[in-house]
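Have a look at the structure below before the remarks.
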């Protein structure tokens, strides 16, 4: 044993003297503590079972590959192609992580200080710090001093750091960063992590960084520490498994008879078990340091994302190593954080608990936690964050699955009503809970006996009855479609059992079976119709979801199969159901909705015309018996669907419909004659005969063209009699007017279809001539009118689709196409339309930026997409005017907008590019508008600005003609948005009030204002150019002033302008911060932790990590009894 230790020490000869002394002293102390004289084995020495053998050939580290090192700082090679630091390697993610770690391990074996320095700088750089820890700092400075030094190296102008930066590269960086830590521990688990140097250094550094006031340090180090803890948990779990296996082998060998027992093997197994126990103790000490030094402080950090990281990882530990972590001492942290004010943290808590409750073997260990925090979890089903509410419902479902008695009836009722929620994910989750509670509990023996039965005697028979009772007791009868949709994913077998539903409605109850009452039958019919609609349309009802989505191939096949099956079941049963309930208006109105979901080709392809005749007969009976408009409109709609020309049954249905209308018309004509003859002496029967028949004809005339029966004539006679005599009943007058209205509409349809093409041609010519005359009268006002019409169309699109427009949709393309055609109306002479086009761009820019985004300046304005429409007019600007318009655009832009490249900012990018294109080229010809750019000018643009050409006289004359016009930024008689337009957005009243001009002042653009304001006498383009000249002059003057101020004043000014680094006070030992933190938890618990000790004090006072009494003593600091 001692020889092995000496060999190990000789292999560590490359380490510094201090490291060797530590190893030697530790080994000697272990030898002294051994009672057998053999001493403890050096942990992780090579050559033993379960230990990774040393690599045969040493590989160079990433630093060695990239270049040489000076003072512990890595540099890139001359080509600058290979990454030279661990941070760059992980950031690029091009190398296999295991290869990177193996290279670092080899460098650690050669010089562990330099290798650890690489690892320290890796964590520093991953935090976004530009500073670098050098070798002399690492050897001579404490962690607190190093962290303070690195804090000074932070970029004060930016709050971003790798973990918060946007973009695909940085999203991948987070994954690579976590993988690096996990692989590092996995590759070092057999040797290096037990040397009491590497892990102590890393844990000490991460502990110090996690206490920093700098958010980037705190966030990055917390994530690293939690992933490091997870990796150590995996190591501890493997060690525990190996210990159990070794113990079993030892017991098996020891129990053998004396002759077959191998004493040498027993000694080896004892030695191995002892080594594994030592390694286990060492890993537990590491985990204890991380948990007590980092987790217990950061799980209540001021930053929600940091709190979420802690809760997510403790859930992983409990799942991986439940024997050590799944107890009340650790579950309490998750329970407390259920009251966090941030939905992100609450969501992590629920998901962590879901992974535990999914394993039913762990449920006994969760029993005390369930009793303590069940009420909080149930209340979270009503969380204001929908994602949190969904996960809370799923967790409650898992609790119910683990124990039927865990939830009270009141708890269940709180979840039941959520099936009627308008938010579909919440409703579907509640539907799964309802299915689990009510529809999945059966007696196995009884279910097996009923499994072969069908219809009302099948297992679904009682469940359908239970569903009807639930629907009626919920007292939300008008939401049957919502209930069906909520249960659709979890209870499809039940909801698609139309055979059972029909039998319950048609057949008489069996002996001893409860009879369905009238309310129950109405509810069952309503639920059945909703299931039929859901199966046939394959999308949620109105109010659930954002609209119809494209079905996948599998969903489309399921839809077709369901439609065929429901048609097969109900095409025979529907006439019988109508016959049974023909006198009940509510039931009949629901049942008449069913044919629209049939595959109507089955009537002819399946030779089921007799069932069609039976259906038409029952519909005619219903029309005769009912005068309710709801029933009559349902009959009319059914006839309209069956009479569709795409089906072969159309002729048969059309004959039946014509016979019905003929009969109604004869009855109506006779009743009208009787009423007109009786006059004032007409009795109630005469009035009822006219009114009932007229109602039926009106309902049919709404969906069918009945003009050949000339209903208008008799309706006119009734109305004329009412006007002349004044004795016509109001209901008859209303129905006669309605029927006359339908007659006129059907006549208009015929007229419109005949002359539609001529109408559109004449209308187009009128619009073209109107635009031409308007342009001749005032080009600028005409341009304003064009841009206003585009703005109104854009506003209407925003109102219909919301602010997140699909720029590839046909509606947006239509507006862009209209803008392109408007642009063509300006012609080829850009000089004549110069002011009008510039004014159009000005109005368009102001419209795009006038309404800020309510979410904040970092989000695009709601009208920003209008700039993509405005791009269609950029080609009509002169090149010199493009610069002016671009300068005006920049007045509305912030630096943040200029740097954005996301899709939502593409309209701004496209518009800027359209203005910058050709902006530096030679000017257009002032006579033809053609470009005079040559190859030589292209070369000049690369080397520098070409010399200023002398302006031609004709150009000066033309420019002078529009420069001196009195068309201004605010023209007299400004064009306002029409009051009666339906496309104008409603403005905030406060914002509208801010724009109301002073009534006492003269109107902008009026004649007095024009005479007294010199700037009103020049065009908008000239004003922009003048502002540009003034801005350059002011810049020159400010530069001369700053030069004359002296270097000292300049340096002082720079120091005063620099902002102080933004630090967040998150030291939770502060009493004020503790009170603020308590507000983060919406619970009655008072959380009051003692002041945190520094790292050295914590190292001296390390309680046993797995001692439950030590953990519970820490609870006393919270000032409450948890369990």
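Note that the numbers count up from 1, one per residue, in the order the chain is shown.
Placed from the backbone N, Cα and C atoms, the Cβ positions cover glycine too.
Heads up, TrEMBL stuff is auto-annotated, nobody curated it.
When the ranges 228-258, 259-289, 290-320 are checked against TrEMBL, the one recorded as coiled coil is 259-289. Among the residue ranges 920-964, 1055-1099, the one that TrEMBL annotates as region 'Disordered' is 920-964. In TrEMBL, the annotation region 'Disordered' applies to 988-1012, one of the ranges 988-1012, 1013-1037.
Remark: secondary structure over the domain 'SCD' (295-380) totals 71 helix, 1 strand, 14 coil, with classes taken from DSSP.
Looking at the coiled coil (259-289) alone, the prediction's average pLDDT is 88.
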